[in-house]
Amino acid sequence: MLRRKMAALTLETKLKMPSGYEIPQLGFGVWQTPARDAQDVVTTALATGYRHIDSAAAYRNESGCAASILSSSLPRSSIFFTSKVPTTGISYNGAKAQVAKTLSVTGLDYIDLMLLHAPYGGSAGRKGAWKALVEAVEEGKVRSIGVSNYGVHHLDELETHIKELEEERGGKGMGGVLSVGQWEIHPWCARRDIIEWCAKRGVVVEAYSPLVRGERWGEKVLKGLAAKYGKSEAQVLVRWSLQRGLVPLPKSVTPGRIKENSEVFDFELTEGEMDELETEEYDPVCWDPTTSPLDNRR
Ligand SMILES: NC(=O)c1ccc[n+]([C@@H]2O[C@H](COP(=O)([O-])OP(=O)(O)OC[C@H]3O[C@@H](n4cnc5c(N)ncnc54)[C@H](OP(=O)(O)O)[C@@H]3O)[C@@H](O)[C@H]2O)c1
């Protein structure tokens, strides 16, 4: 199980990815943040100290996020921007086109992290989309690449695809490097199998819906820990994620909550409390493509 010592955790903590680049451990999600609000919301997040913005083509707010990044007085290199190839584009041509489109609509020179949003497109589609991301890294358009919502069977398949691409493209490293995976992870959906798969390979694990989209407020253990530490239940959940070594991506459009979700570095859950909070339930609150079969062509 991944654990981090409190001393190492601050708002500035970064994790090293297999690509060699670093990723700020506390991220900021923008799914369902309206395009017209994205610039202001991201500007608030940057002013609060977040340096990692998680967007996607499907969120239709990449350009607002980028407008904030580009108009900020912070150096571009200090801000980490993620986008994702949509489920309808999981193919060589689809991923190639999406990288070009994201660069074009954002005006960014490069994308820090590009993920395949879900393991759709069938085996050939996934392999082609991955190859397009590998080429985008080689062309300097994208720095690190990864996947989202892949089950262990999709991850094993990706490893095979990487080996095949190495053979087809001229050797070691030519199949690309899996740096990050993103999944719904919280105490009611802990995904231990996937975390173990990634830990063995040094793949950074991002946790989406880390606040369980607000659906678990008032749960006994969570409420008790919040009272014990004088923190909100949201702060306890973000802290749980960070202490598990994950990269949580809490989302909010509310300035007070954006700040609250970042104020999680002045307390530490004990190992016993970490375990007590984590349940045996498998209860995702979002979609769950991890269970889709390998031949799913959607
Ligand atoms: N790869 C994928 O398939 C995938 C899927 C889902 C999400 N994600 C990423 O993960 C991010 C986070 O996930 P999510 O948006 O599903 O859910 P979340 O972060 O678990 O929860 C967001 C909800 O909680 C509310 N909230 C935020 N802070 C709060 C606080 N301190 N107290 C009370 N309520 C609070 C927000 O309301 P307000 O905004 O109104 O403040 C919003 O309704 C997304 O934005 C996206 O970047 C990725």
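Including glycine, each Cβ sits where the backbone N, Cα and C put it.
Residues or ranges marked as active site, proton donor in TrEMBL: Tyr59. Annotation source TrEMBL lists substrate binding site at His117. Taken from TrEMBL, the feature domain 'NADP-dependent oxidoreductase' covers 26-278. Marked as site 'Lowers pKa of active site Tyr' by TrEMBL: Lys84.
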Legend entry - Residues satisfying Cβ distance under 8 Å from Tyr59 (active site, proton donor), sequence separation of at least 6: Val30, Trp31, Gln32, Thr33
Legend entry - Greatest C-beta neighbour count within 10 angstroms, which of the recorded positions Lys84, His117: Lys84
Inset, instruction - Summarise the model confidence on the domain 'NADP-dependent oxidoreductase' (26-278) as a single mean pLDDT, whole number. - result: 98
Inset, instruction - Please state whether DSSP places Lys84 (site 'Lowers pKa of active site Tyr') in a helix, a strand or coil. - result: strand
Legend entry - the residue listed as 'substrate binding site' to Lys84 (site 'Lowers pKa of active site Tyr') - Cα separation in whole Å: 5
Inset, instruction - According to DSSP, folded down to helix, strand and coil, what is His117 (substrate binding site)? - result: coil
